[in-house]
Each structure stands twice: as structure tokens, then as C-alpha cells.
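Visitor: Pasting a structure below so you can have a look.
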Amino acid sequence: MQQHLKYKIMTNIKHLAIIMDGNARWADQHNLTKSEGHKAGADKIRELLPEFLNLNIPYITLYTFSSENWQRSSTEVDFLIKLLSIYLKTELNNLHKNGVKIKVIGRLTLLSSSLQKQINNAIELTKNNNKITLCIAFSYGSRQEIVDACTKIITSGKKAVSDSDIQHALYDPEMPDVDLLIRPGGVYRISNFLLWQAAYAELYFSPKYWPDFNKYDIQEAINDYSKRKRTFGKR
């Protein structure tokens with residue numbers, strides 16, 4: 001009964017967003033370097049991919065590198081950028097084989113031209129896949145996204161701006177509103193992540209660090225979500 005209910009619930013979630021938090025603290029806990037913690041966090045994506053595919057949730061967004069993360073040490077920033085490149089290189093074929101469409105959102109012009117090309121190649125290769133969309137938020141900040149959207153609208157010559165105008169000017173206009181936002185790591189905030197898209201999202205926080213997160217934790221979050229009544233401001 002519980003298994004049947006679980007998969008019934010899953011069909012109601014169109015967009016799952018995850019803040020992959022706690023990699024550095026996990027590393028400290030295990031006497032490892034921050035780089036080893038971030039690598040463990042990236043490896044967790046690979047581990048959870050089968051579960052993401054089984055969930056049958058059309059759109060999943062992972063917060064991997066925020067606009068504020070640029071302020072960290074150059075060593076840590078360089079490693080995180082390198083990690084994205086390595087992930088795309090080693091995982092792209094498997095993602096493509098499993099029908100995953102890749103999207104990457106953020107201020108990508110801050111990245112090297114070679115990494116931008118690698119990102120564009122991954123997007124182009126998988127653009128016709130339709131099993132799930134895996135969106136990687138990298139060099140991403142939601143306030144910056146909204147500012148960039150407004151700048152785009154102003155540049156187009158519009159004098160009045162609607163919700164629809166902003167939606168169509170976002171980094172990914174096709175991104176559905178977030179239904180469930182999960183944040184591991186024991187921190188209770190959303191950290192400038194998908195503020196526009198998560199306006200009515202249900203929030204789920206876990207004390208577990210991201211590298212310790214597993215498919216049962218994902219399922220627990222979804223089951224918790226299923227017990228909530230979403231009113232969207234109505235009664």
C-alpha cells in the first residue's frame with residue numbers, strides 16, 4: 001500500500017528542487033578536505049540518478065554553485081568549476097542514454113569559454129530527451145536572474161511589465177514552478193534559489209548533509225509533502 005501510494009504521490013510533483021548543502025561540513029566531520037567533500041556531493045548525484053528516474057518527476061533542479069560562492073577562496077572556486085567540467089565529461093553519456101535532458105542556468109558568461117562550450121554541447125546533445133529534465137544551477141542567484149530578466153525586458157522596449165513577461169525572460173522560460181524544495185544540511189533558508197519559481201513551493205529541511213542523503217531520504221521528503229494541503233493563498 002505504501003509503495004503504491006508513493007508512486008501515486010510522485011505523479012503530482014512536476015518540479016523538485018534540491019539545495020545540495022553540507023558538503024564542506026561533511027568533509028570536516030570526516031577529516032577530509034573541502035574538495036573531497038564537494039566531490040562526494042557530486043558523486044551523490046550519480047548515486048541518486050536511478051531514483052530520480054524512478055520518481056517520474058519531469059523536472060529536477062540542483063543548486064550546485066551560487067552567485068555568492070564566487071566569494072569563496074580561489075582554490076575552492078577553481079575546484080568547483082573543475083568538478084562541473086569533470087561531471088559533464090564523465091556522466092554525459094550515461095545521462096543521455098537514460099533519456100535525461102540537461103539544462104544549466106546561471107550567469108554562465110562568468111565561466112571560461114571552454115566550459116561554456118562544454119555546457120552548450122551537453123545541452124545540444126540531450127535537447128530531445130524527454131525522460132526527465134535535470135537542470136544544474138551554476139553561478140546562479142535568483143535575484144540576479146530576476147534583474148537579468150528585467151534588463152532584458154527593458155532592452156526590448158516594453159513600458160509595462162507583466163508576470164508573463166518576466167517568466168519568459170528568465171534563464172529557462174520553460175521551467176515549471178517548484179512544487180517541493182529540499183534542503184539537506186541542517187540550515188533553514190533558501191539562499192537566493194529560485195525565488196520566482198518557488199513562490200508557492202513546499203519546503204523540506206533535513207539535518208543530514210548532502211553526501212549522506214540517500215533515496216530513502218528523498219522518499220521521506222516526498223511522503224511528507226504528500227501530507228500537506230497546498231492552498232496557493234486560497235481557502
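Every residue, even glycine, has its Cβ placed from backbone N, Cα and C.
Annotated active site per Swiss-Prot: D21, in sequence order, evidence recorded as sequence analysis. Sequence annotations record features per position, and here Swiss-Prot assigns Mg(2+) binding site to D21, E202 based on sequence analysis. According to Swiss-Prot, the substrate binding site annotation covers 22-26, K34, H38, 66-68, W70, R72, R183, 189-191, on the basis of sequence analysis. For N69, the entry in Swiss-Prot reads active site, proton acceptor.
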Visitor: How many Å separate the Cα atoms of G22 (substrate binding site) and the residue listed as 'active site, proton acceptor'?
Guide: 14
Visitor: With every protein chain in view, how many other Cβ atoms are within 10 Å of the Cβ of E202 (Mg(2+) binding site)?
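Guide: There are 17 such Cβ atoms around E202 (Mg(2+) binding site).
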Visitor: Which Cβ among the binding-site residues (G22, S67) has the fewest C-beta neighbours inside 10 Å?
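Guide: Each of the binding-site residues G22, S67 was scored by Cβ atoms within 10 Å; lowest is S67.
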Visitor: Tell me, which recorded positions from S67, N69, W70, R183, E202 are within 10 Å of the residue listed as 'active site' if we use the C-alpha atoms?
Guide: R183
Visitor: Please identify which of W26, W70 has the densest Cβ environment, defined as other Cβ atoms within 10 Å, among these binding-site residues.
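Guide: In terms of Cβ crowding, the pick is W26.
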Visitor: 10 Å Cβ neighbour count around the residue listed as 'active site'?
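Guide: The answer is 24.
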